[in-house]
Amino acid sequence: MAHCPQWRQPAPIGRHRLAPLGGDPQEIGHAARQPLLKQDPTPPRGRPPRDGADPLPPPRVVTAERWLFLGVTLGVGLAMAVALASFLAILRLQEDGARVAQTQEVIGALEGVLTTAAEAEAAALNYVTLGDADFLRLYDDAARDLNANLGRVGRLVTSPEQVRRLPVLAILSEQRMAHLAVLLEVRRREGFGAAQEGIAQRDQERLHQAIRGLVTDLKAAERGLLKKRLSNSERSASVALTTVGLGSLLSIGLTGLGLYWIRRGLADSRRAQAALETTNTALDRRFAERTAEWHASRELLGQIIDSAPSAIFAMDRSHRYTSTNAAHLRICGKPADLVLGRTEREVFARATADRLWADNEELMEQGLTRQFEQELLREDGSTITVMSTKFPLRNAQGEVVGLGGVTTDITARREAEEAIHTLNAELEQRVTRRTAEAVAANAAKSRFLAHMSHEIRTPMNAMLGLTQVLEADTLAPAQRQIVQRIRSARRSLLGIINDILDFSKIEAGQIRVETWPFEPAPLFAQVESLMGEMARAKGLGFRIETPPDLAPRVLGDPLRLEQVLVNLVGNAVKFTERGEVQVRVRQQETPAAAVRLHFEVTDTGIGIAPADLGTLGRPFFQTDATITRRFGGTGLGLTISKHLVELMGGTFGCESTLGVGSRFWFELSCARAAGEESRALPATPAADRTGPRLHGLHYLVVDDSDMNRDLLERALGREGARVTLAADGRQALEQLRTQPNGFAAVLMDIQMPVMDGLAATRAIRAELALPDLPVIAVSAAVLAEQQQAAHAAGVNDFLTKPIDLEELVAVLRRWGEPLPVAAVPAPAPAPPEDPGTAAPAEFPEIPGLDTRGAAVLLGHDRTFFLSLVRRFAARFGVETRQIRDDLAHGQGSAAARRLHALRGIAGNIGARDLAATALALELGITAGGPEVAGLLAQFEAQLHALLAALNPWLETPPPGAADPGGAAPLDPAALAALCAALRRRDLAARDLFSELRPVLTRHHGEAATQALAELIQTLRFDAALAQLESDPQQ
């Protein structure tokens, strides 16, 4: 056979590779004067495929070896096919045999169901008849076997028809066994006689017959299936024998045919050899043409790369540049002969070269592709910024033999970006400076409003005291009218101040909306009580309509909701001369256990023109200047209401017709609070309580004033709580280290020696790691920034001094529910303590003190109140001289601390006017204002007047001193007259009670008498009568 040349596949047109990365210096220097990529003189191996230029017929080359391979492959394949068919036939035969065995096992299991059921029934009947416990064991064994047989049947049965019948069999068996179990239970409990009646029933026999019939049907079906499967097994055996025989005959025939094809193929192969030689000659000619085309395309690609604007380069493993283009030479700042064949250290300045060498070596070592930005320092000293993409070059074995890269000069772009960045920085600094100036101006305004409000409150409190003193005297009608006008003016001025303070807080973002459970119905009742009297005083109708299915408890902020309603109703009453004001509440259920409450406040007042509706909500704005002169107000009520509704996540709107009236509405979405104890608003009055409200809770009270500590300990103790005391922040931390989980909350004063409250709170959060322990600040601090600092330190809530008992309890219950406890009566009051012989057996009336408020805070403990009064006088009797000394020596902060401590204690004993003046003086000292001298003189006068009023109560009466207020015996006739007046709801009951009060206090204690007084003064005559009639002594 003639030698046949080897077939060579030609390389595709346009594919090329880089020039070799090595070579001697002469060859490298020559390459620098050539295009980017060196031309490979070796043409690609292989020949081009046939195209339209050479219409050659396709050769048909089939060798003898190929025919032999085909024949052997066909024979082996046929033999394997016959073997596979035989294997499958035998496997089917085995499966049919397994199915036959399974059917026989099902029949046996069904027989077992009947047998075990019968055994269970026999054992049960024997036990009922004979009462022998051995039959119970036999019954239990039979029941287990029955369940096992049922389970076997369920596992073995595969026929869909049989599977549908099995649940019926299980239910019938379960009913049969249940009947037997009931029979056994009757026999055990009631004896043979009662069980014999159960034996006589026909239900058991019917169940037995039903089970037997169903099992018979199941067995019949399985026997039919067994017959079918035996037939299938015989048919599978026949198919297996047929397959083996026919397969053997077919293999013999095809083997002979294969040998014939092999012989014929050898002849064809010899003819194909001659045709192949002719074809190779034509392919050699075509390959030479394609090689010339390849060289031309390579030359063109080199020119394109050399003209590219981005720098393209390649280097070998020793860091010598092997390829470059014009853009890369411009970046290097050198001609090609000073770049090709040289390393980075010979092309760039040393600082840049060392960095490039290290980066390129790392990329070649790790075989990574990376894109990055870098600065290059050229040898001429110029610096450029480039964006580079570098990638490894590999040989046919995948080894890294060099590094390639594409680099773009971005120096101009970076300079432009730097200029833009500088400009942006300057603009940001201007914006920051202007924003800081605006924030500082707004903060100054807020501080001014807060300071001014407190300055105004000081004379207002004096006005309140003076009007109360005047009202207590006998006045002529004209004089009483003047006093009432003064009181009305004070109320209006207080509303204006509160509006301004709320608006300043809204502007500063300091108003917080809280979420806790409350009852809407009492809140609406309170709004009706507050605003109904004002409406009726103007002769207006007023009513609140609520839906019958109003949610009993929801989650929200009742304080802010009440504020919005009072603002809107107050506006409606103010601008309505005749007609009515109506509040409608509608409720709509929403998904996720929430309700949507829709509130409408409608009036028949002056209305608003359509053109003015868009101006509503602007601060300090009213639609007509004459309205301000006629009705008064600040124009802040709607602004505050709208902001509060939006803070609560609601919507606010208004519809109005000039001269007809207005309708203000808002909507709130509230989650239901079913199952939670609502926090009523306001807190339950002491007279309505049946027991302590903080029972079982343990509090840590931290205050540097022993008077404040005693007061809080006494107030919390009366509410059922336990109290641990600490005099400063360090003592508080020691207590918490000892009992980290022992307190429900910490009541923390802010200004204390050793360690103040803010530092202690930070240590509680960070050092002791107690993030969930409620810390409630109890401080005389009132400014917003002071409260913000407390919250930033980790304080959860804030209580201001003087302490209000109901607010104290409400805040503490917000952070921890008390333990359940039955109604506990208030502790008996301490024995009365009187100066001289003229004081009645109740809290003394002392000029300058709100003794009624102090009585509520102290639980009507007169003895403790007088002890606080004595301690106050002893501690602060010379306070003004010390404050003057501090100011004279430039110790303003020390004077402010003294005033801070004094006003907290003064407020707690009811000296509200003195506390207000102390606050104004403290703020004046802190701000360094010129009003300090005048405020200090006012403070001294008020303190000296209070100490003079306290002087009669500073001496403790001797033991056994007579109490003229309780000397008289209890007069049954007077008591009966009081009860009769209460039954008639006669206002004369108030006068009768005033006459009897000293005697009632002597006989029944101050707490009970005070509770009765609050009921009668608030016209709750039925509750007062019930309290009187429930006392067996009365």
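Heads up, the Cβ atoms here are built off N, Cα and C, so glycines get one too.
Going by TrEMBL, these are the annotated features:
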- 297-375: domain 'PAS' (DOMAIN)
- 370-422: domain 'PAC' (DOMAIN)
- 451-672: domain 'Histidine kinase' (DOMAIN)
- 698-816: domain 'Response regulatory' (DOMAIN)
- 861-953: domain 'HPt' (DOMAIN)
- Asp749: 4-aspartylphosphate (MOD_RES)
- His900: phosphohistidine (MOD_RES)
- 1-59: region 'Disordered' (REGION)
- 67-91: transmembrane segment (TRANSMEM)
His900 (phosphohistidine) and Asp749 (4-aspartylphosphate), compared by Cα position, are separated in whole Å by 11
For the transmembrane segment (67-91), the distant same-chain contacts (Cβ-Cβ under 8 Å, at least six residues beyond its ends) come to 236, 239-240, 243-244, 247-248, 250-251, 254-255, 258-259, 261-266, 269
Within 10 Å, the Cβ with the most other Cβ atoms among the modified residues Asp749, His900 is that of Asp749
His900 (phosphohistidine) falls, by DSSP collapsed to helix, strand or coil, into helix
DSSP assigns the residues of the domain 'PAS' (297-375) as 41 helix, 16 strand, 22 coil
Averaging the pLDDT values of the domain 'HPt' (861-953) gives 79
